[in-house]
Ligand SMILES: CC(=O)SCCNC(=O)CCNC(=O)[C@H](O)C(C)(C)COP(=O)(O)OP(=O)(O)OC[C@H]1O[C@@H](n2cnc3c(N)ncnc32)[C@H](O)[C@@H]1OP(=O)(O)O
Ligand SMILES: N[C@@H](CCO)C(=O)O
């Protein structure tokens, strides 16, 4: 995993808000870019818009070829004509989160008002942000498209946190919410995993205190290790066993060589090779400072914090219809977190349904082919749309 030169922010469709954004930390961002993609047509009544919130390292390229990786959109299976989130019926908006590295304002963006001719990135000077800040940036983009009320907000993992934050912050601006594989607060275990990832980045000699671009490098080894560790949490023991078991990738070339019997280094097991591949691929598409900024935003997420720990109070009087989805083998955002959320919604007398999908694919099951999950998404959105008389 060699260091590579820092990637450019790239040229992504975006809206610029010159009035910036007041952040929860008290800092005013002087200017705000929100990078986004849309799919389908906004109806004449402007009542068919769905915001899809991406997960931690996702982006706005939900249903089209990714411009950097050349891979299909991360939810191409789910979003499109005739698909569970049907673009023949709904108008889809997906935005790169504030703090990300795919065109929305984030640590990789240029600092405003930097000296003439001097390229200065935010880097570690980028202010700490919250999930609510991300959602408030998205709100600005939605309003700028002339949309006063969303049909729904949908998302998995950190995307699900944004869904919940939308419902709490703008309950009258949305009809339905679908938080998937998520939780109303980040658990101690998840904060702990995030911290290991951050420490891996800090330990990389190419980190340079977060100013790596000045040295034309990125902390590739640290970022890759962070991703390798995190990627394990996105799967399950069953999935890893099914994919790789204890399969060995390479036999030692010279069985007589003293190092052969040790076989300490190199891609010995298939699962190691897989994780190294995932780590390397990640480094080519993600920024280390965004990794830090976004993991911290997740860590701070706690919907009950403003309500003396009483989660139902966060949803008091909500008019939003919720469908909460979990996956049976997800140990990062386990079903118990979803049940806790559902109980709080019930206590708030909210309109809520709950589905646990049986699968051995772990947390990232929401990104994979799960027919029951697809049926759940389609059923909920169509049901609410039919009930609301949406064309
Ligand atoms: C949610 C959002 O908003 S977007 C962000 C989501 N995207 C990501 O997280 C991207 C990285 N994550 C992944 O690829 C996840 O594993 C998933 C869940 C998205 C995809 O899962 P799957 O389809 O089961 O793919 P899998 O995890 O098996 O990985 C396949 C890749 O590993 C490679 N691979 C598989 N086995 C090995 C091995 N033994 N050694 C090396 N590479 C291997 C494959 O060649 C394939 O490479 P490719 O992606 O370049 O085609
Ligand atoms: N694997 C997905 C989900 C993690 O929560 C991502 O990287 O965004």
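Yeah, the Cβs are placed from backbone N, Cα and C, and that goes for glycine too.
Annotations in TrEMBL come from automatic prediction, not curation.
Remember, it's a predicted structure, so these values are computed and weren't measured experimentally.
Annotated features in TrEMBL:
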type: DOMAIN; residues: 48-368; note: domain 'AB hydrolase-1'
type: ACT_SITE; residues: 157; note: active site, nucleophile
type: BINDING; residues: 227, 364; note: substrate binding site
type: ACT_SITE; residues: 330; note: active site
type: ACT_SITE; residues: 363; note: active site
Cβ neighbours of residue 330 (active site) where a neighbour is any other Cβ within 10 Å: 28
Cα separation, residue 363 (active site) to residue 157 (active site, nucleophile) (Å, whole number): 8
Recorded positions close to ligand 1 - of 227, 330, 363, 364, only those whose C-beta is under 6 Å away: 364
Sequence-distant neighbours of residue 364 (substrate binding site) in its chain (C-beta under 8 A, six or more apart): 234, 235
Of 157, 330, 364, recorded positions neighbouring ligand 2, Cβ under 6 A: 157, 364
Cα separation, residue 330 (active site) to residue 363 (active site) (Å, whole number): 4
Spatial separation of residue 227 (substrate binding site) from residue 330 (active site) - C-alpha basis, Å: 18
Cβ atoms near residue 363 (active site) (within 10 Å, other residues, all chains): 24
